[in-house]
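Engineer: Here it is: the structure, laid out below.
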């Protein structure tokens, strides 16, 4: 069988001088040169001749009569035999993929309007004549850039899902540790009680065991989900990297659907701890409420000492708005319309009538109680804020600004989320217990008298947070206790 090189050399001898492709239905003109019938016909249609002037040969420029060209059947037979040799030598190779399926010509161009790869014959077709047509490599450049951007986005998404996995696994570990700690303390406390309390012990332990199992189950489901997401992203990245290394024709094949897949593929950002599971964990202390009459002291210990460390906090005079009057021990604050002669230091609130605690938290579980005494029309805001909270000018109290708080107003209570939400409570609280779990990211508010849950924020703390208090209304005041 003839070698591929010799066949290719022979094929070059029977190329059309106009389209540079293999002769199709070859015709001969007066000078003896041969052309594709279609190419020569289109050449004669070009309106570039003066009236009465004969067209010239595209190769030697000799004039010829337009109607004098005749089919060259012998040359057509030679071309057909060369084509057979050419196809035989390319059998099993990838060269065949570079051939236009319609005209059997090699593709050189890419139509950006129709997103089609064109041979020289396709390029001259009327449907592409007024389109933007570029060489394959030139057309591939912008698409390579788009793929590169998609790869960068996918890699960032992959890194983000890995960060989520690490963060959520850390939260799971903290919750498992908390559950284990609660379990041991529940056992030790119930060991000193009567048979009546032993029944309660069994109930609580069973709930904790279910929570333990549910947390582990959620962890396994979360790990499977994250592993699947990572696998899908890695597969897509590998596919794009492999496609980006292909020749321009392969890269441009079905390029639009590939880009759409990249642009529409976004990672899910799952949470390892569902709101329902988190609510069950937070509500665990409330399961002991039936014991309130028999052992109020034990109930308080079960509700908070099993979960949180009492925080002995005091107000920071350096942050207090000039309209807030602090007690000498910095445990109480009262609103006054009279401005105090306070230095305007960077830490002080100058517009929002607020004050921070002297000390903040970077870890652990802490709780404190705020007793509120509101005058008519007054309000008190309690919660925690991030260390870099805005002190000067207007303060927007919402989680996006680093504020996790509830507002007790005359007749209603609101959770200050992205949009303030009025809460339906059985009793308007006069004492609010604020609890923070730094590692898990919970800020919980409970009626300190009735133990009725008020609200819980979920956050991801990255810096120091401080207990936060706001007060409004002449005569309104609050005091602190652990």
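Cβ from N, Cα, C; glycine included.
Sharing the features that Swiss-Prot gives for it:
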- 100, 103, 122, 128: Zn(2+) binding site (BINDING)
- 293-482: domain 'B30.2/SPRY' (DOMAIN)
- 16-61: zinc finger (ZN_FING)
- 95-136: zinc finger (ZN_FING)
Engineer: Compute the centroid of the Cβ atoms of 100, 103, 122, 128, then list the same-chain residues not in that set whose Cβ lies within 8 Å of it, in sequence order, for the Zn(2+) site.
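Structural biologist: Here the non-site neighbours turn out to be 102, 105, 107, 118, 119, 120, 121, 123, 125.
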Engineer: Please list the DSSP helix, strand and coil residue counts for the zinc finger (16-61).
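Structural biologist: Helix, strand and coil residues of the zinc finger (16-61) number 8 helix, 8 strand, 30 coil.
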Engineer: Which ones in the same chain are close to residue 103 (Zn(2+) binding site), with CB under 8 Å and 6+ residues apart in sequence?
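Structural biologist: Correct list: 21, 24, 119, 121, 122.
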Engineer: Tell me the residue counts in helix, strand and coil for the zinc finger (95-136), as DSSP assigns them.
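Structural biologist: Within the zinc finger (95-136) the tally stands at 13 helix, 14 strand, 15 coil.
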